[in-house]
Amino acid sequence: MLFVLAEIKLRTGMFSIEEKMQNISSHKHFILSGFEELGELRPVLFIPFFLMFIVALLANSLLVYVVISQRSLHQPMSILIAGMACVELCLPVFFVPNMLLNLLFDWKGISLIGCLVQMHFIHFFGAFQTTFLVWMALDRYFAICTPLSYHELMALQRFLKFIIPLAVRNMLLITLFVSFAGKLSFCRNVMNHCFCEHMALVELACGSTTINSLAGLMAIFFIPVFDFFVITASYTLIFSSALRSSSSGVKALHTCITHIIVLTFSLTLALIAFLSYRVKSELPEAIRVFFSTMYLLFPSCFNPIIYGIRTTEIRQHMLKTLTHWAH
C-alpha cells in the first residue's frame, strides 16, 4: 500500500523539451522543504510529531520486550505481533529524527546517497506492514479452518515457505526501483517533502522516468495489491468456515477482529493519502505532505496500542510489566 503514494504522478515521466535540451549537471544534494507554506508556524509541528515518535518507540519497544520476556507468549501469533512491532519500531527511526531536525532547526539538506538510503529503508519496512498482515491472516486461517493441523503448519520449518518468498520479494522489488532512481539525473533539487519518497525524488529528474514508473508499478502490484488479495481470501475462508460452524463463529470473530481493525485503518490511511495526491491541485501542499507523513507514522503509534488492548494475554503481561517497573 505504501507504494501507491509513490507512483500517482509518474504516468509519463516526461519533462519539457526545453529542459531536456539543456545541458544541466545532475544535482547531488537536495533540500527538503515540506510544510514551507506554514512559515513561522512550521516549527510548531515539531511537538505533535515528536510526541507521536516517542509513543511509537515506547509502545512498540514495550510490546516486543513483553513477548520476548514471557515464555507463555512464545506462540506463533504473539511472535508475529512482535515482528510487526519491530517493523513499526524501525520505520519511524529512518525518517522522523531527520524530519524533527528539519522542522525545529531548519536543517533541510540531504545528499543523494542519504536520500536513497532513507528511501530504501522507508519503503522496505513499509512493505513489511502488509506482509506481516498476510502472515497473521494465514495464522488465523490455519487456527480456525484447520485446527487439528495448526501446530504442524505453523512450525517454523513449515512456515518458512511462506516467510522466505515474501521477504525476498520485498527486498528485490524495493532495491530495484531505488536503484533505478539512483541512476537518474536531477535538474532540480528542492523536494516539497520532509523525507525522501520515491515519487518526490523522481519528480525532480530530467528526461524520461518511464522505467522508474514501471518499476514502481511492479512494486505496487506484487506487494500491497497481492498482499491485499491474499488477506481478503484468507478472511473470506475464515468467516465462511465460521458460518458453517456456530460454535467457532464467536472464536473466529474474536481472534480476527484485531487484525481487521488494523487492516481497515491501514487501508483508510492509504485511501486518504492516495486521494490527497489525486486532488493535489485543489489541496495545499502542506495537506498532501501531512497525509503522506501520517500514513507512515500513525500506524506505528496506533497498532501496538490496539494489539496491546485487544490481545488478552499481551495486555495482561504488559500491565504486569508496567506495574513491576512502577514499583
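The backbone N, Cα and C atoms fix where each Cβ goes, glycine too.
Over in TrEMBL, the protein carries these features:
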- 45-67: transmembrane segment (TRANSMEM)
- 59-307: domain 'G-protein coupled receptors family 1 profile' (DOMAIN)
- 79-100: transmembrane segment (TRANSMEM)
- 120-138: transmembrane segment (TRANSMEM)
- 159-181: transmembrane segment (TRANSMEM)
- 217-240: transmembrane segment (TRANSMEM)
- 252-277: transmembrane segment (TRANSMEM)
- 289-309: transmembrane segment (TRANSMEM)
Residue numbers, six or more beyond the limits of the transmembrane segment (79-100), whose CB comes under 8 Å of its CB atoms: 34, 46, 49-50, 53, 56-57, 60-61, 63-64, 67-68, 107, 110, 118, 121-122, 125-126, 128-129, 132-133, 135-136, 139, 194-196, 293, 296-297, 299-300, 303-304, 307, 311, 314
Dominant neighbour of the transmembrane segment (45-67) in 120-138, 159-181, 289-309, by Cβ pairs under 8 Å: 289-309
Contacting positions for the transmembrane segment (159-181) when only residues 6+ beyond its ends and CB under 8 Å are counted: 76, 116, 119-120, 123-124, 127-128, 131, 134-135, 138, 153, 198, 201-202, 211-212, 215-216, 218-219, 222-223
Distal contacts, the transmembrane segment (120-138) - CB-CB under 8 A, six or more residues away: 1-3, 6, 77, 80-81, 83-84, 87-88, 90-91, 94-95, 159, 162-163, 166-167, 170-171, 173-175, 177-178, 195-198, 219, 223-224, 227-228, 230-231, 234-235, 259, 262-263, 266, 296, 299
Reported mean pLDDT - the domain 'G-protein coupled receptors family 1 profile' (59-307): 87
